[in-house]
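In case it's useful when we look at the structure, here is the feature table from TrEMBL:
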BINDING   SER32, HIS63, ARG83, PHE84, HIS85, ALA115, SER214  phosphate binding site
BINDING   GLU195, ASN237  purine D-ribonucleoside binding site
DOMAIN    26-271  domain 'Nucleoside phosphorylase'
Amino acid sequence: MTVVKQEIQDASSYISEQVGELHPEIGLILGSGLGVLAEEIENPVHIPYSDIPNFPVSTVEGHAGQFVFGTLNGKTVAAMQGRFHFYEGYPMDKVTFPVRVMKELGIDKVIVTNAAGGINESFQPGDLMVISDHINNFGTNPLIGPNSKEFGPRFPDMSTAYSAKFQELAHETAKDLGLKLQSGVYVGNTGPTYETPAEVRMLRTLGGDAVGMSTVPEVIIARHAGMEVLGISCISNMAAGILDQPLHHDEVIETTELVKSNFLLLVKTIVSKMV
Ligand code: HPA
């Protein structure tokens, strides 16, 4: 996968023209059903992905497909309402393109959110989970291909992919707000199928606590670029085979609807305290 610096700069210049003097500090990638957070942004500037040079366009249900720039609890943010999934057929360089654009815009902190299935049997649908680490189960890596040193090192260290400082901040914030916050390892699968019960047992044996179809590629690129990452999963359902019921995308959306207010409160408060 070849990433062209010019394409990133063209996207970033277009965005800068739209947002003017606003220099976002924090990037927010909002997962399925979690895009509502962007509605809380003050003095918003909306930029549809379809207007941005070289941007792919999001297609999946429950995803709007735009950037929202503005202020959230006193911090300047760039929120992605909708992301690009590998299962939609986008190559990895497109899936992760927005993260590179964020970096080009000067953003060095990213909050990545997603809906995920709970593998850890002590979890419940509706729980929020701070991501402590991930397992890349995509069978590929967005950094495969020539490495350009200006983006980051050939062999990036992934031993602290998720900032310990931000994890601590998330736990402290949840405690202050009286919100339950789980912690665990996120497994990134390609999808679009949900897992089989046997796969869920395998992922549990491998050390996974939650499973989803995103996040890992974006976090790899963010870390390559030296950005600090906080990941939060909304456990929208228990993964296949744990409860005696089939999985459905509607359930994912319904559960995220129910926990939306807790999720919003948690992320907004974390944002206000991020340094
Ligand atoms: N598996 C994979 N991705 C998901 C799930 C799941 O159970 N729930 C929400 N996204």
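Using the three backbone atoms N, Cα and C, a Cβ is placed for every residue, glycine included.
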So which of the binding-site residues SER32, PHE84, HIS85, ALA115, SER214 sit close to ligand 1, that is, with a CB under 6 Å from an atom of it?
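With ligand 1 as the reference and 6 Å as the Cβ limit, the list reads ALA115.
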What is the one among the binding-site residues ARG83, HIS85 whose Cβ has the most other Cβ atoms less than or equal to 10 Å away?
ARG83
What is the separation, in Å, between the Cα atoms of ALA115 (phosphate binding site) and ASN237 (purine D-ribonucleoside binding site)?
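Each residue's Cα considered, ALA115 (phosphate binding site) and ASN237 (purine D-ribonucleoside binding site) end up 9 Å apart.
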Could you state the whole-number distance in Å separating the C-alpha atoms of ARG83 (phosphate binding site) and ASN237 (purine D-ribonucleoside binding site)?
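Pair distance, Cα basis, whole Å: 20 Å.
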Translate the DSSP assignment of ASN237 (purine D-ribonucleoside binding site) into the three-state scheme.
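ASN237 (purine D-ribonucleoside binding site) sits in a strand per DSSP.
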In DSSP terms, helix, strand or coil for PHE84 (phosphate binding site)?
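Where PHE84 (phosphate binding site) sits, the three-state DSSP reduction gives coil.
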State the mean pLDDT for the domain 'Nucleoside phosphorylase' (26-271).
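Result for the domain 'Nucleoside phosphorylase' (26-271): average pLDDT 94.
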Give the distance between the Cα atoms of PHE84 (phosphate binding site) and ASN237 (purine D-ribonucleoside binding site), rounded to the nearest whole Å.
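Cα-Cα distance, PHE84 (phosphate binding site) to ASN237 (purine D-ribonucleoside binding site): 22 Å.
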Round to a whole number and give the Cα-to-Cα distance in Å for the pair SER32 (phosphate binding site) and ASN237 (purine D-ribonucleoside binding site).
13
Check ALA115 (phosphate binding site) against DSSP and tell me helix, strand or coil, would you?
strand
